[in-house]
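Take a look at the structure set out below.
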Amino acid sequence: MADPCSFCSFTGCVTKHLNLLLRVDFDRHVISGRVALTVEALEDRFSALTLDTKDLKIVSVSANGQPARFSLGQKHSFKGTPLDITLPFDLSRGQHVIVEVNYETSPSASALQWLKPEQTAGKKQPYLFSQCQAHHCRSMVPCQDSPSIKHSYYAQVSVPKDLVVVMSAVRDGHEVDPQDSSRLIYRFRQPVPMPSYLIAIVVGALESREIGPRSRVWSEKEFVDKAAFEFSETETMLKTAEDLAGPYVWGQYDILVLPPSFPYGGMENPCLTFATPTLLAGDKSLSNVIAHEISHSWTGNLVTNKTWEHFWLNEGHTVYLERMIGRCMESEQFRQFKAMGGWKDLQDSVNTFGANNPLTNLVPSLQDVNPDDAFSSVPYEKGFALLYHLEELMGGPEVFMGFVKSYIQLFAYSSVTTEEWKNYLFTFFKDKVDVLNKVDWNAWMFTPGMPPVKPQYDTTLADACIALSQKWIKAKDQDLNGFKESDVKTLSSHQLIEFLSLLLHEDALPLTRVKKMQEVYDLNACMNAEIRFRWLRLCVRSKWEEAVPMALKMATEQGRMKFTRPLFKEVFNFDKFRNEAVKVFLEHRAAMHPVTSGLVGKDLKVDGSNTASQ
């Protein structure tokens with residue numbers, strides 16, 4: 001078995017530990033240093049290995065202290081460049097070697113975003129953060145950059161003394177840099193083996209507040225108290241997750257609120273979940289993101305997909321666990337309501353890709369496919385739908401959660417494929433194999449489009465949203481005075497999001513309707529990012545010109561791809577403002593995260609040379 005997104009072969013050898021010694025240079029936008037990889041040979045007469053790199057400058061390589069020959073291979077469009085190393089000796093199977101690489105990153109490293117002081121909340125200090133998932137760690141550290149390989153790590157990071165470093169590891173103290181008294185060295189240890197994509201580093205003017213016995217929240221001081229208040233339920237959620245999935249093995253569970261350009265809602269870096277500041281709008285959609293990232297501590301971080309083709313094992317199980325946490329903390333009806341919303345998100349992704357697109361397979365082939373281009377809600381929601389379908393067949397949530405917990409315990413600290421997961425499912429439910437054999441596995445796993453079975457979710461909480469959206473869709477001009485502010489006062493923020501989502505699934509509303517909706521509900525004043533995002537899309541789609549500047553403002557003030565990409569697309573599809581969308585994108589592109597700007601550029605058909613191509 002090979003990993004189509006990596007050059008490293010994991011049949012010959014496996015990395016057991018990384019020791020990082022890094023120096024962060026904000027003037028040159030590079031990290032320089034060395035990594036010592038403890039590598040175990042998996043075969044006899046082992047003498048050569050390949051590491052993944054991307055845009056790295058390799059200075060020297062040694063093995064157990066002796067110089068080693070190395071060469072860089074052909075550069076690949078998204079996989080980077082293989083680093084081929086020849087050891088000065090042979091190893092026998094089971095023996096270890098320490099391979100040390102001295103190197104420097106490139107200012108354009110795809111894992112790193114360097115922010116100028118004016119791009120931060122404090123405006124005084126620069127900021128650096130990494131985002132390694134799926135295959136970007138190789139632009140920060142030469143490594144076997146495949147989720148099939150898990151290792152512990154230790155790190156020492158030198159930074160200017162006004163700045164603080166945090167990593168996806170346990171903090172291990174800091175001291176003045178012996179080489180340079182204007183700098184500090186921060187130390188970290190991560191004793192739990194994990195894949196390379198979970199190595200994470202943040203450097204900035206950070207402060208922290210305690211929010212629980214094993215949790216702190218980190219951010220710039222402008223956000224830190226608000227964040228401490230918003231994330232106060234963290235320990236309750238962790239305990240709920242432990243009851244469901246088993247003990248939390250990572251020790252610390254901290255949350256870091258990033259600057260607005262962070263491209264995702266959250267990232268499950270061990271010991272240090274990354275979170276978007278769009279969550280700090282005082283609403284409950286926050287708890288979904290944190291419940292999701294907490295769940296990853298078991299599904300993804302502890303049990304990991306072996307390659308990105310099996311990404312649904314990470315995300316489908318994490319959504320399942322996240323919704324079980326919601327069930328424990330809210331109600332079964334709430335879980336059903338979230339599942340219905342997820343089904344709609346899945347329909348959106350399938351419509352965007354096209355129902356015959358192989359990237360809508362639960363298990364896609366990623367041969368020659370950039371994993372960033374394959375990213376969508378398919379692994380999350382098609383994965384959840386399969387698990388929910390199996391839950392119904394096997395005897396309900398308690399019974400099926402028994403399987404999920406047992407699967408986590410069996411495969412903890414390792415990486416798995418869909419085949420291994422399925423074999424264990426049949427072993428665990430050995431008395432129900434006849435039922436499992438009736439599942440159309442091929443349609444679920446290897447067929448594009450929507451799943452073969454649509455679960456019947458309980459619509460209790462959705463009914464009010466459906467009724468209100470239908471009332472707006474069917475309204476004639478003479479009915480418009482029948483709408484009142486009280487229509488939405490009884491809806492939770494989750495229901496309001498669902499109401500707007502339902503309207504986005506229909507043809508564009510006439511402009512008079514959208515203007516009336518603003519008059520009655522004043523949605524322009526709503527700061528909840530999930531609601532605002534859907535509302536602005538609805539307005540632009542109905543060709544309300546006044547909404548265009550607000551939509552572009554939201555698309556550029558924060559860089560969460562879930563919001564930024566659809567908002568830009570919506571304005572781009574409004575013919576009159578197509579050029580405006582491109583112009584605003586080009587003005588802001590330099591400040592955007594590299595993954596975000598690359599994907600928005602594709603959406604707006606802008607090539608790399610600053611011109612809009614037809």
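Note that Cβ sites are derived from N, Cα and C of the backbone, with glycine treated the same way.
From a predicted model like this one, the values you see are computed outputs, not experimental measurements.
Copied over from TrEMBL, here are the features:
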type	residues	note
ACT_SITE	Glu293	active site, proton acceptor
ACT_SITE	Tyr380	active site, proton donor
BINDING	Gln131, Cys132, Gln133, Pro263, Tyr264, Gly265, Gly266, Met267, Glu268, Arg560, Met561, Lys562	peptide binding site
BINDING	His292, His296, Glu315	Zn(2+) binding site
DOMAIN	460-604	domain 'Peptidase M1 leukotriene A4 hydrolase/aminopeptidase C-terminal'
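You'll find the Cα of Glu293 (active site, proton acceptor) roughly 5 Å from the Cα of Glu268 (peptide binding site). Across the fold, the C-alpha of Gln131 (peptide binding site) and the C-alpha of His296 (Zn(2+) binding site) stand 16 Å from each other.
Distances between the Cα of His292 (Zn(2+) binding site) and those of the recorded positions Gln133, Glu268, Tyr380 are shortest for Glu268. You'll find the Cα of Gln133 (peptide binding site) roughly 13 Å from the Cα of Glu315 (Zn(2+) binding site). For the domain 'Peptidase M1 leukotriene A4 hydrolase/aminopeptidase C-terminal' (460-604), the model's pLDDT averages out at 95. Sequence-distant contacts of Glu315 (Zn(2+) binding site), defined as residues of its own chain at least six apart whose C-beta falls under 8 angstroms from its C-beta, comprise Gly300, Pro379, Tyr380, Gly383. With respect to their backbone Cα atoms, Tyr264 (peptide binding site) and His296 (Zn(2+) binding site) stand 15 Å from each other. Look at the domain 'Peptidase M1 leukotriene A4 hydrolase/aminopeptidase C-terminal' (460-604): DSSP puts its residues at 114 helix, 0 strand, 31 coil.
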